[in-house]
């Protein structure tokens, strides 16, 4: 007898877990692609120097060059820029002029390598759920701290830790979904295909809603604040995310597995008959 035979194929317990994990996918898209609206490509030109004292017959030559500015009819390198914020309002690009976008691309690729290696190993050692909590704390804390950024470099460093924690949630969450929704542990064979496909609808919902949110909130500070506040409810949601049943079996944590089975069966309105330790799921436990 497998997990789903004991607690039910796809009852309220599985549906609740499914919706929470789906919403995590939505938040993942918001976090990963919010930089598109925080640091968009913007039209800009060199800031004109302070006007010189001239008489009424003299003419000022104005340049819209992006790299050079005219000083007394001589081209000079640009030191400050003005950005067109008519469509986007204030962004981190216009907030801190002269930033290097290459740092952003480098940081986006770097966090994934570290996160997968670190949190993948950590989740095997201490469990999926504790690792999710650690990732959540890292991601949410750095998101709120980024609101206090005083420079672009500070923002990028906090953005790295934000993405580092969020990538960990994705990595560990994928393992949890893989065990509990897609393969053999919590969802019965009848619903595996639907659950496995539908969980990824969260990505599509995330793309659509992020664009709408960015259109409504165009200032980068308030936009980042809204995204940060959306992570707050997960303080309560994580209490509904169970440890991976297979991990509990592999680690020989039978008491925790018993509690998980009893709780899931209770939510689904199922009655466990017989000695719970005689079920098939306990036969592969670590001695």
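Backbone N, Cα and C define each Cβ position, glycine as well.
Predicted automatically and left uncurated, TrEMBL annotations should be read as such.
Looking at 17-39, 40-62, the stretch flagged in TrEMBL as transmembrane segment turns out to be 17-39.
Annotated by TrEMBL as transmembrane segment, the relevant range among 221-241, 242-262, 263-283 is 221-241. Record note: among 178-196, 197-215, 197-215 is the stretch given as transmembrane segment by TrEMBL. Stretch with the most C-beta contacts under 8 angstroms to the transmembrane segment (129-148), considering only 17-39, 154-176, 197-215, 221-241: 154-176.
If you count C-beta pairs under 8 angstroms between the transmembrane segment (17-39) and each of 154-176, 197-215, 221-241, the highest count goes to 197-215. A Cβ distance under 8 Å defines the sequence-distant neighbours of the transmembrane segment (154-176), meaning residues of its chain 6+ beyond its ends; these are 21, 24, 28, 31-32, 35, 92, 96, 103-104, 107-108, 110-112, 114-116, 118-120, 123, 128, 131-132, 134-140, 142-143, 145-146, 241, 244.
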